[in-house]
């Protein structure tokens, strides 16, 4: 189960299995906890096939990526203030008594469970194995598509798998991404494999409209996603500029 989506922004938390890329002594925000590790399949890809860009101009983004392919954006913003607000200690202090709603990511996710955020964090964050739904390292969302969007990792790492709209992936909608990675991915020919990359803390992934994508959390993943209407992207393309891009998050 995972926290239910809210309009425009998603915030998700999962158990940490291995350290995130260093941001200093508090790099994991307190989310790394003692306990069992992640399944062996929860690793980064051998080779990232999504382009990483820093200092990308707005005009080049619209011309090369906005309508055609994903891109990983680096160095957009200084989100240190927001990172501070998203540590385990700060979130529990601010929202521990708040009620959150849990649901699964499959096509039969009719059941909703409400419980205090503190209970979710303290009792339900643990690694997921390939055959069960869970909240820990190894959890994620199976293949699906929607409008364009940005996803920024605040803590942890999130592995993404992406296909263009015309290339429907081979998957079962009610099996986990981890099960797909174990059972289906190894048999795919090179031409049938998705674009894939692990998004590190401080990076932002942009994906265009209707691109298929699935995710796999490798660590505790605190992330925020902003979903755009296609009319927003279309309007943006009519106003090119050479100024650098600004990030989806502030602070």
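All residue numbers here begin at 1 and follow the chain in the order shown.
Any Cβ shown, glycine's included, is placed from N, Cα and C.
Look at TrEMBL and you will find 1-24 tagged as signal peptide. Residues or ranges marked as domain 'JmjC' in TrEMBL: 104-245.
The domain 'JmjC' (104-245): residue composition by secondary structure is 29 helix, 46 strand, 67 coil, according to DSSP.
When pLDDT is averaged over the domain 'JmjC' (104-245), the result is 84.
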